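Peer 1: Not my notes, these are from Swiss-Prot:
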BINDING   12, 13, 14, 15, 16, 17, 18, 19, 20, 39, 122  ATP binding site
BINDING   92, 97, 128, 132, 182, 191, 267, 279  L-citrulline binding site
BINDING   124, 128, 129  L-aspartate binding site
């Protein structure tokens, strides 16, 4: 792609340091018109200042797109992923990963609407996000072109970025000196990387955590809540129906209050290196525990076991950027089929970093039958039936043993 061939670019724009510099750099290096796209996916910051910043950098008002995508994010991306109980490498709830396909989708759609040649993003050449953004974009438009400034320019340090900003009159509130953590926030989580976290043996500082109280300082009194599920999705809290993004917002509030959802892990990036990250996912941690609880009484055993076998593959696809892939959609179809009878309520107690399931019920799809599993006398289960069941399942061992084979 020749720079002279680029006439218009849609930039994923936050209004922060990196993307403001990218905006100016695109104007200078590519001599092109820039369209900015700012998504509100619940990052907890005002997005309107991005409009003022973009205008100050010469962007036409009609080329500024600021959209509230919180409901679409939770309804069409977070909830489908939580139906799968997706966890990457046993711990990570995929808060950053699941936000990228939605942003890629809107970048491509805005590019089509504005007749732009390219899309651009602020992901570095070391991380997973460049892969997620670009694979998503190519899946939705195979003819799209992508400009990834971090893979082109030489502004490869925070000090160089600040110097570039000062040289070009870009108003950046953060000053030289101690850099902030590299953070990503949305309605599902906040992630932290960099600084002391680059040493995996160095404990994170308490003042790093922005969202949740320390479990040590959480209230001495617990909260007990009831979450209602329909077809595998939460639809109400304490009998109050809510929209998807409202449910996650309320669970975040409750989880953060009780110090729930903090995580410190070393993960394997798709690009090949190991990375240490800290995460806060208060509402997601509650949702995962509650969802597994309602599945435990409504799902058939073999269907549940098969779903658990599929989950790591599903989680890897999301983590690596393959949300729009045919294989993820195939898995999603199977997962969604499994959720048709996942209906009912779960009661959880929230206390000092813990989510404890204390009750689960389903009026319509409960497979738990007390008459069969009671320790008291019953009239529906003949315990003698177990004789044949055990002998048939032991038959291969009996035959092999009689043939002299040792186990």
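For all residues, glycine too, the Cβ spot is worked out from N, Cα and C.
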Peer 1: Return the count of C-beta atoms lying within 10 angstroms of the C-beta of residue 132 (L-citrulline binding site), excluding that atom itself.
Peer 2: 27
Peer 1: Among the binding-site residues listed here, 92, 129, 267, 279, whose Cβ has the fewest other Cβ atoms inside 10 Å?
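Peer 2: If we count Cβ atoms within 10 Å for the binding-site residues 92, 129, 267, 279, the smallest count is at 267.
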Peer 1: Measure from the CA atom of residue 182 (L-citrulline binding site) to the CA atom of residue 14 (ATP binding site) and give the result in Å, rounded to a whole number.
Peer 2: 14
Peer 1: Least buried of the binding-site residues 97, 124, going by other Cβ atoms within 10 Å?
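Peer 2: 124, out of the binding-site residues 97, 124, has the fewest neighbouring Cβ atoms within 10 Å.
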Peer 1: Determine the minimum-neighbour residue: among 14, 20, 128, 182, 191, listed as binding-site residues, which Cβ has the fewest other Cβ atoms within 10 angstroms?
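Peer 2: Counting other Cβ atoms within 10 Å of each of the binding-site residues 14, 20, 128, 182, 191, the minimum falls on 182.
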Peer 1: Compare the Cα of residue 279 (L-citrulline binding site) against each of the binding-site residues 12, 18, 124, 129 and report the nearest.
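Peer 2: Answer for the nearest of the binding-site residues: 129.
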Peer 1: Given the binding-site residues 92, 97, 129, 182, 191, state which is nearest to residue 20 (ATP binding site) when distance is taken between Cα atoms.
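Peer 2: Minimum Cα distance from residue 20 (ATP binding site) across 92, 97, 129, 182, 191 lands on 182.
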Peer 1: Given the binding-site residues 129, 132, 182, 267, tell me which ones have a C-alpha lying within 10 Å of the C-alpha of residue 122 (ATP binding site).
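Peer 2: Checking Cα-Cα distances against residue 122 (ATP binding site), the binding-site residues within 10 Å turn out to be 129.
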Peer 1: Are there residues of the same chain, six or more positions away from residue 12 (ATP binding site), whose CB falls under 8 angstroms from its CB, and which are they?
Peer 2: 19, 37, 39, 103, 107, 119, 120, 121, 122, 133
Peer 1: Suppose we draw a 10 Å sphere around the Cβ of residue 18 (ATP binding site). How many other Cβ atoms does it contain, all chains included?
Peer 2: 21
Peer 1: Taking residue 97 (L-citrulline binding site) as the reference, which of 16, 124, 129 (the binding-site residues) have a CA within 10 A of its CA?
Peer 2: 129
